[in-house]
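Below: one structure, written as structure tokens.
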Amino acid sequence: MTEAPLIVPSTSGPRASAAHDQDDLLSGLNPQQLAAVTYRGPALLIVAGAGSGKTSVLTRRIASLLRGREAWPSQILAITFTNKAAGEMRERVAGLVGEASRGMWISTFHSACVRILRREAEQFGFTKSFTIYDSGDSRALIKRLVKDHEADAYGLTPASVQGRISKLKNELQDSESYARDANMSDPAERKFVEIFADYQRRLRKANAFDFDDLIGQTVYLFRAFPKVADTYRRRFRHILVDEYQDTNHAQYALIHELTRPVSADAPDPYASNGMMIFEPETAPELEGASLTVVGDSDQSIYAFRGADIRNISEFERDFPGARVVLLEQNYRSTQNILSAANAVIGNNFDRKDKKLWSDRGDGDMIVGFTGYSQHDEAQFVADEVEMLRRAGMPYSEMAVFYRTNSQSRALEEIFIRSAVPYKIMGGTKFYERAEIKDALAYLISVANPADEMSVRRILNKPRRGIGDVTETAIARFAEDHGISFREALSMPAQLGVGPKIQAGIAQLDAVLKEATEILLPASGEVPPPTSVADGLSLLLAKSGYLDALRASRDPQDEARVENLDEFVAVARDFARNNPEGTIADFLTEVALVSDADDLDDESGSVSMMTMHTAKGLEYDAVFVTGVEEDLIPHRISAGEPGGPQEERRLFYVGITRARKRLHLSLAMTRAQFGEVSVAMPSRFLQEIPAELVDWRQSPGDVNSRGGMQSRALNARRGGFGGGSSSGGDRFGVKKLPPRDSLKPLSTSMDKFTNKVTGKVRDNGDLELAAGDRIRHDDFGEGRVDAVTGEGAKRIAHVRFDSAGLKKLLIKIAPIEKL
DNA sequence: GCGATACTCACTGAG
DNA sequence: TGAGTATCGC
């Protein structure tokens, strides 16, 4: 985040005396920000509204601690939600204090916990090389367990079991503590408890933690081994937590453990360096670390994942004597955008009133648009993007948000067709692709042979003729002889399987052994930095995995080979950045990267992402799409306690990302599961004062021009149309008519010339030149102004007779030359 | 054990 | 629509 008023012109002349050291940190701050940077005490809560400069405040606070010699870098622990946010904070602190920033822990909850767990794993029965199971991995394991326990008969699905286990772990419950309170006379409950316990046993046996365990087991470690906890309490004297409103109970407990005072008896290695500002050196015990948290309960959007808003609302009770600082001035958005945001969030009743304000002036009006279909809506977005681009706004300053990932497809189709460069944050993640997971499973099989899931995964990849029967035989053999699944692979002759399969197993075993020598050289030798990449290449090549893909005639396999190349490149990159990184470090990094992390804006393309991913980001122009009932608020949220309110916060997060221009759009019909259904405008739209919105095409317009006489929509027109609304019907929102009072619009839609479809055609090598006239399926006739680009990426700039100026990707546009 | 085909079910959200 | 799974014939 960048907030203009905080950017300080570099002072001329050398920064000579210590007295002036803090000047550049403090200048340009408003009084609240100043207090947030300079307050010293055991606990500080910074309530930071959207765009109020919290990142600046946090980084300056850290810099000020370091510059004032109040803390060594190693005594600072700063927690963020994404690796990207962590990297950004590290960079900004480095910009303020230079070298002194090294040695700080600035990381996510998950990475910090992995670091601690790797160090301490042996204390409680794990090894340093434990595996991290992502949700897909644990889903697979739970699926097996549900099957083994025949639990589907009790209505337990893998998804529900996984969800419940995750929730419980976020509450720091285990199967035993849960069983104590559960109704164990219910057979489904008993089954669930069995599976939960079994799941945990399997994880332990596999030397693995799932995502939730990373936090929960660290808390457990601290509680079970106070001496271990004390070393970290001594070390971290200043703990700062960002996005505190999204912490769950386990994370809260972790922070609590870390900020406890240290009991007196143990020696204190840090007491002698004179850095302890809170206590005299002779004190018998060490006070708890100083805690700073930053958050905004209006931006809490992860309750579904266990985030507990009470962590922030009850902070003052949890940490008596805490100071609270409120940052309400917004440095990001224009007043129109903020007024809309305030109006929307004001409908949540259980919040402390807080009004964002800006001194940047009203700015442009919010633009509203209703499309007939999602394609139509997407075309509006694409057109508007092009208009802003022509007006000088770079693509990288624009973003399109949607509620669910599936909405991105229609947008993508139109963007491709309109030759708008874009990139999608999220969706199918690189590390969730099958081939990457296979490659990872190979690496894990070497790094952590106890992880049976991974070994089983690669057993028959590539095909070695090993099916269920052989797999079970191996498992039985291992069990009978008290050895691990992995070890059983090294004695294929004794498994009682055919010679061909024996050879396959022997070959796999040999490859894994060879890779082990590269990745984990025996007896204390330090592997060279390139070992991870080398080991990976060897595994992929000698296992026959790559050859099998290359030999395949499935066109997708070509892309898979490229992905694997990319993955090897990631490993080489890793070696470059971490010369001493081990295979375990590499696997950690890979397991913990997330979508929000690879946002990189240099490429000059429009960003598309879900509103969840958008948190913490900002853009000059923002398009919030699909502002419809059942989408935002999402249908499923209605059944959850606090669901609709969380949806409203999510919408609020979306609109407060915009600096200058905000667009809200929806479609009257939306296709899902291949079927077209009618959509209704979101209730949130009604909560925005009508005078702030310039409707290019309101829901009412679509309705009347579509020839539909729906009372439901006409009744709402006052709120949507024309900007002259009295707001009289703004409170009628809750009485939405049943959906079937609307007939699908599709029957009458066919009349409309600007109905845009997702149609694509392969024009092969159609030649166009300036001056040509063409006909487009959706836009009608037009004249080519210019042609740019090369080969498959040639773009026609066309002036349509009625639809205006458009860019078209010639290869796929539904056009013909006249 | 494998590959092709038919069929089913799902789309919140994310670490 | 399209990914994932069950079923079947080889």
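Quick reminder: no glycine exception, Cβ is built from N, Cα and C everywhere.
Remember, TrEMBL labels are computer predictions, not curated facts.
Here is what TrEMBL says about this protein:
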- A:A48, A:G49, A:A50, A:G51, A:S52, A:G53, A:K54, A:T55: ATP binding site (BINDING)
- A:718-730: compositional bias 'Gly residues' (COMPBIAS)
- A:27-334: domain 'UvrD-like helicase ATP-binding' (DOMAIN)
- A:335-616: domain 'UvrD-like helicase C-terminal' (DOMAIN)
- A:1-21: region 'Disordered' (REGION)
- A:717-747: region 'Disordered' (REGION)
For the domain 'UvrD-like helicase C-terminal' (A:335-616), provide the mean pLDDT of the predicted model. 86
Return the count of C-beta atoms lying within 10 angstroms of the C-beta of A:A50 (ATP binding site), excluding that atom itself. 26
For A:T55 (ATP binding site), the three-state class that DSSP assigns: helix
Would you pick out, from the binding-site residues A:S52, A:T55, the residue whose Cβ has the largest number of other Cβ atoms within 10 Å? A:S52
Tally every other Cβ atom lying within 10 Å of the Cβ atom of A:G49 (ATP binding site). 25
With H, G and I counted as helix, E and B as strand and the rest as coil, say where DSSP puts A:A50 (ATP binding site). coil
Quick one, of the binding-site residues A:A48, A:G51, A:G53, which Cβ has the fewest other Cβ within 10 Å? A:G51
Can you tell me how many other Cβ atoms are located within 10 Å of the Cβ belonging to A:K54 (ATP binding site)? 24
